[in-house]
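Taken from Swiss-Prot as is:
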- E358, R399, H529: 17beta-estradiol binding site (BINDING)
- C452: S-palmitoyl cysteine (LIPID)
- R265: asymmetric dimethylarginine (MOD_RES)
- Y542: phosphotyrosine (MOD_RES)
- 35-47: region 'Required for interaction with NCOA1' (REGION)
- 256-315: region 'Hinge' (REGION)
- 267-600: region 'Interaction with AKAP13' (REGION)
- 190-210: zinc finger (ZN_FING)
- 226-250: zinc finger (ZN_FING)
Amino acid sequence: MTMTLHTKASGMALLHQIQGNELEPLNRPQLKMPMERALGEVYVDNSKPAVFNYPEGAAYEFNAAAAAAAAGASAPVYGQSSITYGPGSEAAAFGANSLGAFPQLNSVSPSPLMLLHPPPHVSPFLHPHGHQVPYYLENEPSAYAVRDTGPPAFYRSNSDNRRQNGRERLSSSSEKGNMIMESAKETRYCAVCNDYASGYHYGVWSCEGCKAFFKRSIQGHNDYMCPATNQCTIDKNRRKSCQACRLRKCYEVGMMKGGIRKDRRGGRMLKHKRQRDDLEGRNEMGTSGDMRAANLWPSPLVIKHTKKNSPALSLTADQMVSALLDAEPPLIYSEYDPSRPFSEASMMGLLTNLADRELVHMINWAKRVPGFGDLNLHDQVHLLECAWLEILMIGLVWRSMEHPGKLLFAPNLLLDRNQGKCVEGMVEIFDMLLATSSRFRMMNLQGEEFVCLKSIILLNSGVYTFLSSTLKSLEEKDHIHRVLDKINDTLIHLMAKAGLTLQQQHRRLAQLLLILSHIRHMSNKGMEHLYNMKCKNVVPLYDLLLEMLDAHRLHAPASRMGVPPEEPSQSQLTTTSSTSAHSLQTYYIPPEAEGFPNTI
């Protein structure tokens, strides 16, 4: 029978009696536990009792309470949804401020209280049947024993908690990553017909049909004719209606032969690369120290020859000398008029006209130098553009050996230092040329040695390009180096043939090669002077000479030419290279037309 409470006083007295019966089994001596440190905030000070708010309108089971008191057992006296701790108690304030969502604590017993998870709004000491004191079991009168299977949230160690949280975060992040990857996958469409693209083909995203069509077009005949106005619509449904417009659109969207992705590699290429890397790794592991030291000086027998059938490499020293002597250009006469006095314009006009005509014969001479004709057209143009003024100057110095203090520009044009004063800045160049001619005369340079030195200048001029050069370097450097070695051997053969000792041969070879650096310095000075004359419009330059001057400025650093650095455009580079190549073919005179025997 349930009765409604009419007064708080009677209810409170009965409540204290019930609580005393419930706490009677727990009134044992306090558990003395060794404590490594002071109690933390999870334990409540027992000196501060909690305030219990009596619920209004709560129902009390008198019969059940009396029966429970007589039997000495505990029983629930209030419903689970009616008893709560007062919000004004210190225990409630502690739980709200420090532990957030954890249940509030009471400090009735002197024993430490664990953080429990009771059902909602239930007192820790008023539980349903079978759930009273869930985490402590009474085994002995003087001690408590911890249950083996405690609540996971409380009895899991910190490391386990961290691992579990890490696994949860990992799984959630992987799920998010998968969702992001799925959303990142976008559908590609063909740039030609707007169909679904199957991949990146010939430089654009395209479908299999357009890829195959473009492949057939570039490999076979593509002389398609449009039956209309060359403006047909190319889409998924009408791409086969007009082959001409389809091919036109392929080119418009950027399809090109060889337009593949640079980062793409086939399985066969990767397999070969792995095999090659494994083989190189085994070779490196098995190589000893003395073999590594021997590799610093590779034997000529193990050098890979790219020009195995080059006739220049099979020539003997005498044959090389004979070929170089036969390739020498003829002497050219100038347009000098002795009746007219020299002026700056007239002298520069004579010299530039003479140099322009000599350039034509220089191209034909270079074609007949052993080994030069085996190079590709790019390397031939590159070497001539770098060495043309050095070759003209060493020829001038060689002709002037028999005329001390004078320079023989042509058989009918012999100038001394005083005559060079009429041109601004010419005296310095004249002095350097006269000093080199005097050095040749002192060394008694022979004609065979001269032709070898001139060939070395041609082949060695563009081998070591400047870092600031805008043009690409030589493509067949190995072949050029082998031809240079052949010419050096020819020089040594000539010295040995003249009866010089080994020490004298080495000394003379070093002296001759040192003169080449002086000629390079004179060439740079002459190029700078010629460019300044061009900028001042002192004399108009001829086509081939002007082209060679501009090409030389592209090879050399701009700061050396005395002008601020200027980055040439791609069109200028292409025009210069193509024009120079055209000049090699235009000004090339076959040896048979000049009456020179072709010995190569």
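Cβ atoms are placed via backbone N, Cα and C, with glycine included.
Swiss-Prot feature annotations superimposed on the structure.
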residue : record                        : contacts (Cβ under 8 Å, 6+ apart)
E358    : 17beta-estradiol binding site : P329, I332, L392, G395
R399    : 17beta-estradiol binding site : L408
C452    : S-palmitoyl cysteine          : V321, L324, I487, T490, L491, L494
H529    : 17beta-estradiol binding site : G425, M426, I429
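Tertiary proximity for the zinc finger (226-250) is limited to same-chain residues at least six positions away from its ends with a CB under 8 Å from its CB atoms, namely 192-195, 202, 209-210, 213-214, 217. Pairwise Cα distances among E358, R399, H529, which the record gives as the binders of 17beta-estradiol, peak at 22 Å. Look at the zinc finger (190-210): DSSP puts its residues at 3 helix, 7 strand, 11 coil.
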